[in-house]
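Chemist: Here's the feature list from TrEMBL:
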DOMAIN    221-364  domain 'O-antigen ligase-related'
TRANSMEM  18-36  transmembrane segment
TRANSMEM  42-60  transmembrane segment
TRANSMEM  72-92  transmembrane segment
TRANSMEM  98-117  transmembrane segment
TRANSMEM  129-148  transmembrane segment
TRANSMEM  189-205  transmembrane segment
TRANSMEM  217-250  transmembrane segment
TRANSMEM  262-280  transmembrane segment
TRANSMEM  313-332  transmembrane segment
TRANSMEM  352-372  transmembrane segment
TRANSMEM  379-400  transmembrane segment
Amino acid sequence: MQREEIDAPAGRAHGRSVIPGLAVWAFFLTFSGQGIRNVVGWTPFGIIAAISGIALYAAFRLEGHRIVWRALPPATCAYCLWCVASIAWTQFPNETLLASALMVATTAAGILLACALSLRQLTVALGRSLEATIALSLALETYVALVLKHPLIPLYMRGWESVPISYFWSENRLLQGGPIQGIVGNRNPLAFIALLALICVVVRWRDQQISRSHLIVWSSLSVLTLVLTRSATVTVAAMICAILAVVLWWLRHVPREQRYQAILRTAAACLLIGLMALLFRHDLAMLLNRSPDMSGRAIIWERVIDLWKQHSILGWGWVMYWQPWLPVFQTLVVRPDGTPTMSAHNAYLEALFQTGIVGFILIVAVVLLLLVRTGRLALLYLDSAPSVLLPLLVSAALAIQALTESRLLSEGNWMVACAIGTWLGLHRLTVKEAGRPSRTRIGEDPRR
């Protein structure tokens with residue numbers, strides 16, 4: 001496989017394209033949106049997001065790109081449509097209407113980017129946006145620690161009489177070794193951003209897209225951020241992604257005729273390790289300095305399941321994040337500072353609660369299809385294209401984080417899932433039309 005084949009753009013644009021730049025902004029806006037909201041507030045952020053979405057769609061049309069409908073990921077699109085359909089039976093009409101619009105916009109953004117950019121361009125855009133988030137986060141925490149010297153609240157909350165601790169933008173813990181929250185105002189999303197940034201920079205280096213100095217600088221900053229955030233879930237996700245990368249590297253050195261057996265043995269070993277981790281989960285939690293109930297998540301999950309039983313088939317209605325003014329959430333699980341919990345802290349349970357059994361099945365299908373298809377692709381191009389490792393590693397990270405966070409279903413995580421799913425569909429069409437699976441151009445546009 002030739003390098004120019006992988007680098008081939010996915011779109012039809014001629015000359016200079018603005019979509020790669022818009023992609024960087026789109027990923028930054030969705031992954032680091034809380035940082036922008038902490039500066040300007042929710043209404044101005046909504047205006048910024050709307051303008052950004054319109055700009056992306058306008059550029060997509062003006063540059064001559066088009067959506068390949070056959071390439072769209074069925075389960076992903078079905079879940080989006082199911083969220084919209086829940087307007088018909090939701091317990092929260094206004095909130096579901098707004099959340100459905102946001103879901104459609106986020107899904108559309110991921111699809112548009114995948115239809116307009118090659119895999120390498122997507123990787124570059126994602127990597128640059130995450131690097132910007134890390135740089136700004138470390139700069140903010142340094143400013144708070146050395147200049148401000150006390151916790152920082154969101155700027156739009158400066159007129160409030162009191163601000164709960166859980167709403168703090170930065171808790172001024174950098175000099176204590178963390179956990180830091182960065183511009184996103186939460187250590188767990190920041191840790192996940194650092195993990196994705198690390199994956200992007202390593203894959204880009206292996207694909208000879210960046211220099212060794214770039215690798216050293218950004219991998220170091222990503223690891224530093226991971227350490228300072230102290231996120232147990234992301235630590236586990238990072239370990240699993242590292243093991244997965246090592247296994248793929250090892251398989252490259254296994255003769256082709258022996259790889260099938262090697263894969264089966266590896267899968268069996270992974271299954272055994274997973275069962276052992278499940279049996280000794282309490283000891284594992286203690287090793288990660290976490291409580292056996294996953295820092296109080298067990299209580300949240302128990303109460304969410306009780307609520308789900310009241311509307312088990314269709315769910316309560318799609319609301320994305322739990323709005324604190326809704327009575328059902330105000331006292332469901334109250335945090336130590338008196339504020340209500342904002343999510344189920346598990347994407348699969350969140351889907352079950354908000355969109356019922358149907359939504360739960362669709363989300364499980366989304367995750368399984370991503371893992372199977374990205375894994376198959378990584379094995380297919382194991383010897384020739386390091387860039388195809390990114391979809392698998394990112395999909396694995398998304399699936400693991402979804403066990404203790406609900407963010408898979410919204411903003412940056414969902415947009416990435418939509419982009420990967422759409423790109424996989426485009427690649428499948430390319431293979432089908434070319435009829436040469438082993439020589440498919442990974443960046444090639446199936447519409448040509």
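Using N, Cα and C of the backbone, Cβ positions are placed for all residues, glycine too.
Curation plays no part in TrEMBL annotations; they are all automatic predictions.
How buried are the listed features, and what sits near them?
Modeler: Secondary structure by DSSP for the domain 'O-antigen ligase-related' (221-364): 98 helix, 2 strand, 44 coil.
Within the chain carrying the transmembrane segment (42-60), a Cβ under 8 angstroms from the stretch's Cβ atoms is held by residues 17-19, 22, 25-26, 29, 33, 36, 105, 108-109, 112-113, 115-116, 156, all 6 or more beyond its ends.
Using a Cβ-Cβ cut-off under 8 Å and counting only residues 6 or more beyond its ends in the same chain, the transmembrane segment (72-92) has close neighbours at 99-100, 103-104, 107, 111, 311, 314-319, 323, 326, 328, 351, 354-355, 358-359, 362-363, 365-366, 369, 417-418, 421-422, 424-425.
Below 8 angstroms of C-beta separation, residues 24-28, 31-32, 35, 169-170, 172, 174-175, 180-184, 190, 193-194, 196-197, 200-201, 218, 221-222, 224-225, 228 of the same chain, each at least six residues beyond the ends of the transmembrane segment (129-148), sit close to that stretch.
Beyond the ends of the transmembrane segment (189-205), by six or more residues, the same chain brings 31-32, 34, 123-124, 126-127, 130-131, 133-134, 137, 180-182, 212, 214-215, 218-219, 222-223, 225-226, 229-231, 233-235, 237-238, 241, 245, 386-387, 389-390, 393-394, 397, 401, 405, 407, 413 to within a C-beta distance below 8 angstroms of the stretch.
Through the fold, the transmembrane segment (262-280) approaches residues 247, 251, 254, 379 of its own chain, all at least 6 residues removed from its boundaries and within a Cβ separation under 8 Å.
Packing against the transmembrane segment (313-332) from elsewhere in the chain are residues 82-84, 86-87, 89-93, 95-96, 99-100, 102-103, 303-304, 307, 339-343, 352-359, 406, 409-410: each is 6 or more residues past its ends and has a CB under 8 Å from a CB in it.
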Chemist: Per the 3+ Cβ pairs under 8 Å rule, pairs at least 6 apart in sequence, do the transmembrane segment (98-117) and the transmembrane segment (217-250) touch?
Modeler: no
Chemist: Going through 18-36, 217-250, 352-372 one by one, which has the most CB pairs that fall under 8 Å from the transmembrane segment (379-400)?
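Modeler: Against the transmembrane segment (379-400), the leading stretch is 217-250.
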Chemist: Looking only at the domain 'O-antigen ligase-related' (221-364), what is the mean pLDDT?
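Modeler: Reported value for the domain 'O-antigen ligase-related' (221-364) is a mean pLDDT of 87.
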